[in-house]
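J.: Here it is, the structure in full.
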Amino acid sequence: MTTPDGQQNAAAASGDTALGENASEGTGGYDGEAATLSTALEARTAFSGDRSAVSVGEYFQAYRNRIRGGDLGALPALAGLVVLVVVFAALRWSTFTSASNFANLLTQAASITVLAMGVGFVLLLGEIDLSAGVIGGVGASISAQLIDKQGMPWWVTVIIAVAVGLAMGVLTGFLVTIVGIPSFVVTLAFFLAWQGVLLAIASEGGSIPDTNPVIFGLTHSSVSLLWSWVIVIAAIVVWAAYVAVTAQRRARQGLAQPPLTVQLLKVGGVGLLAVLATAALSINRALIGKPDQGIPWIVPIVGVLLVIWTFVQSRTQFGRFVYAVGGNKEAARRAGIRVPRIIIACFVISSGMAVFSGIIEGSRIGSVTASSGTGNQLLFAVAAAVIGGTSLFGGRGKARDAIIGGLVIALIPNGLGLITDSSVWTYIITGAVLLLAASVDAITRRRRASSGR
Amino acid sequence: MTSTQEPILELRGVNKSFGAVQVLHDVHLALYPGQVTALVGDNGAGKSTLVKCIAGIHQIDNGDYLFNGSPVHVTGPRDAAGLGIEIVYQDLALCDNLDIVQNMFLGREMKSGVVLDEAHMENRAKETLASLSVRTVSSVRQLVSSLSGGQRQTVAIAKAVLWNSKVVMLDEPTAALGVAQTRQVLDLVRRLADNGLAVMLISHNMNDVKEVSDRITPLYLGRVAADVAAADVTTGQIVELITTGRSGDIGLSRALAQESA
Ligand SMILES: Nc1ncnc2c1ncn2[C@@H]1O[C@H](COP(=O)(O)OP(=O)(O)O)[C@@H](O)[C@H]1O
Ligand SMILES: [Mg+2]
C-alpha cells in the first residue's frame, strides 16, 4: 500500500478488531474520526461471515440463505437421482436392484459422463460444442482401425486418437475466437464435416471390431475384489485426510470454512455410498462359469478424470479464468486475461475428452461404426451437464455435475428398459428431465440476479 | 496542498479519432499524487474515451503520454497496470459468478506452485477492504451477484487499490447509487487521495465534484476547456465551462469554442 506509515498501522490495528470475534468493539474508527452509530453498526457486520469458527447451526443457516438466494448446487439433480432410483426400485425391485444391472448402469453412464465433463468446459464459457460426439467417433475409429489393421499397441493408438481430437479442438477454437464465428455454427459445421471423416475411416456400413482386450476390458472387466476394496477405502481415507488438513490450515490462517463436522459428514456420507456400491459390486454377477465381480475398470478411471478436472477448475488459475470468461468476457479481458486462449483451450479439452468418451463407448458396444457418436450422444452429454447443475448461460458448473447428470441420463433408459421394450418413454422422459433442469437453471439465475439488489 | 509537485501522469496534445470522427482534440491533462482531479463534461464529451486511452484500451493517435515525467507507450491494459494505473470502469466490469476475493485478484491471482493461494488472497482482500474502512460486506467470499450497487462499486475500487497503484481513475462511480452509498464512495475517493494516490474522478454531479476534488478539468466536445483549482470556481462557472467551453476569461478562446460547436 502507498499509505503513509501511521495510517497503515492505524488501519491494520482496527482492521484486526473488525475481523476478530469481537467485531462490535472495533469502533475506534479511522483517521481519528469519532465513531458514529452507523460505523458501529457496520463494524459489527463487517466480515462476520469470515470468522474462522462457524458453528454447525450458523452453517446451516447460511446454507439455507444460499438456497433461498438461488444457489441450489447439486441439490435438484441429487433429488432427481433419488426419485428415479426409488421409482424404478419400487416398480422392478428384483431386476433393477440386481448387481449386474448396477454394474451395467455404471458402464452405460461412463461415456456420457466423460463427454459431459469435457463439454462442460465449453458450457462454462457460455458456448456450445455440437461436434464433440462425432469427434469422439472419429477418435474411436482411428484407435480401432490402427489396432485392427496396423496391429499397433492400444496405448499408441489412444495417444494418436487424442492428438487428432486436440487438433480438431484447436481448429474449432480458432474459428470461434480469431475468425469470430458463433460456436453453435462452427461446431454444427464440424458435426457434419467430421462425419465425413468418420465415414472415410470406418467405411460405409462397415464396422471395426474392438479386438483389443485392454480397451474392450474398460467396460467389460472389473478390478479384482481385493483391489476394489483397497481403491475405495484408500480414496475415502485420502479424501478425509485432505479435508481435515485443509480445514486445519485454513483455521490456522484465520479463514472461514464450513465446520469440520459438516465437511467430514459429507465425506462420510459419500464414503458410505461408495462402500455400499462396492459391496453390491462384490456380488458375483456371472450366471455361470468364471465369477464376474468387483468394480468395473471404467469407474476408477472416471474417478481419476473427475479429480483432475475438479482440481483444474477449482484450484488453478486457468480454472479461475474459465469461470471469469464465462461470467463476464469483457471484465476478463480488462483484467488482462487472454480470452481467446482460454476459449481455444476449453474447446481443446472438450475435443480431447470426447475422444476418450468415444473409445469408452466403442468398448461398451464392442465395435466402432460410421455412425458412432453421430446420434444423440452429444445431446445426452449436454443434457447430463445441465441436469447436474451446469448453467447454459455460462460461468456456473463443476466437473462433478457430469457424474450426477450422467447417472440420471443413464438411469432413465436403464430403468425403463426393464419395464417396457419400447423407447417411446425413454425419449420423452429424458427430454422432460432436461427441460426441468434447464428451467431450474433459468429460474435460479433470475433469483440470484434479484436477490442481490 | 501539493500543487507544487510534479504530475505523476500527464498527457500533452493528445488526439484520438474513431474513423472519421475525432473524439479527443489536443488534450492536455495532469494528475498529481494526493489530489483528486475531477474530469467533467457533457454526455459524449469524450470522458470515457480519454480514460480508455490512458488505460491502453484505445491507442492514442498522437500526442505525448508521460508517466513520472518520462514518455511511455501504453498499448494494452497490462501496460497501464504495470505502471500502477488502475481504472474503475463505468460498467464496473466485475464477474457476477465470482466472489469478492476472486474478483479483486482476477488476472493477478497469487499462487504457490500451480495452485491458487486462496488464504493469502483472502487475507489481502480483507486487509485492503478494512484499510478503506469498508465495513458493509459480511463475507469476502460472497458472490458479487449478491452485492448491492454501492458494495459492487466498493469492490471495484478496492480491486483498483489492491495493487501498489499510483493512479486510480473512476468513471462515474456514483451515477447509479443512492444518497448514502454515494456518500460512502465519495469518502472512499477522498481517502484514496489522502493516502497519496493520484485520483481522477469523472462525475456529472457538480456538488460531488466541488466537495471532493482539488482540481477540475472540464472537457468540452473533446477539448480541455480549463484546468482550475476547485476552490477558484463556482458551480455556475463549471456548468458554463461544460456547456459552452468558456466562462468569463477562463476556458477556450471564443473562436475555438465556437469552431468546436
Ligand atoms: N469505440 C468507439 N467507436 C466509435 N465512436 C466512439 C467509440 N467510443 C466512443 N465513441 C464516440 O466518442 C464520443 C465520446 O464518447 P464517450 O467518451 O463515451 O463520452 P462520455 O464518456 O464523455 O459521455 C461519443 O460521440 C461516442 O459516440
Ligand atoms: Mg462515459
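Including glycine, each Cβ sits where the backbone N, Cα and C put it.
As the structure is a computational prediction, the values presented were derived from the model and not from experiment.
According to TrEMBL, the protein carries these features:
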- A:1-11: compositional bias 'Polar residues' (COMPBIAS)
- A:1-25: region 'Disordered' (REGION)
- A:72-93: transmembrane segment (TRANSMEM)
- A:105-125: transmembrane segment (TRANSMEM)
- A:130-147: transmembrane segment (TRANSMEM)
- A:153-176: transmembrane segment (TRANSMEM)
- A:183-203: transmembrane segment (TRANSMEM)
- A:223-244: transmembrane segment (TRANSMEM)
- A:264-283: transmembrane segment (TRANSMEM)
- A:295-312: transmembrane segment (TRANSMEM)
- A:342-360: transmembrane segment (TRANSMEM)
- A:375-395: transmembrane segment (TRANSMEM)
- A:402-419: transmembrane segment (TRANSMEM)
- A:425-444: transmembrane segment (TRANSMEM)
J.: As a test: from A:72-93, A:153-176, A:264-283, pick the stretch that has the greatest number of Cβ pairs under 8 Å with the transmembrane segment (A:295-312).
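T.: When the Cβ pairs under 8 Å are tallied, A:264-283 comes out ahead.
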J.: What residues elsewhere in the chain lie close to the transmembrane segment (A:375-395), defined as a C-beta under 8 angstroms and at least 6 residues from its ends?
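T.: Distal contacts: 72-74, 76-77, 80, 111-113, 115-116, 119-120, 123-134, 136, 191, 323, 326-328, 357, 361, 401-406, 408-409, 430, 433-434, 437-438, 441, 445.
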J.: Hey, which of A:105-125, A:130-147, A:264-283 has the most Cβ-Cβ pairs under 8 Å against the transmembrane segment (A:402-419)?
T.: A:105-125
J.: Which of A:72-93, A:183-203, A:223-244, A:264-283, A:342-360 has the most Cβ pairs closer than 8 Å to the transmembrane segment (A:130-147)?
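T.: Stretch with the highest Cβ contact count: A:183-203.
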J.: Rank A:72-93, A:105-125, A:183-203, A:223-244 by Cβ pairs under 8 Å to the transmembrane segment (A:342-360) and hand me the top one.
T.: A:105-125
J.: Are there residues at least 6 beyond the ends of the transmembrane segment (A:183-203) whose Cβ is under 8 Å from a Cβ of it, and what are they?
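T.: Cβ under 8 Å, 6 or more out: 122, 127-135, 137-138, 141-142, 145, 168, 171-172, 175-176, 347, 368-370, 372-374, 378.
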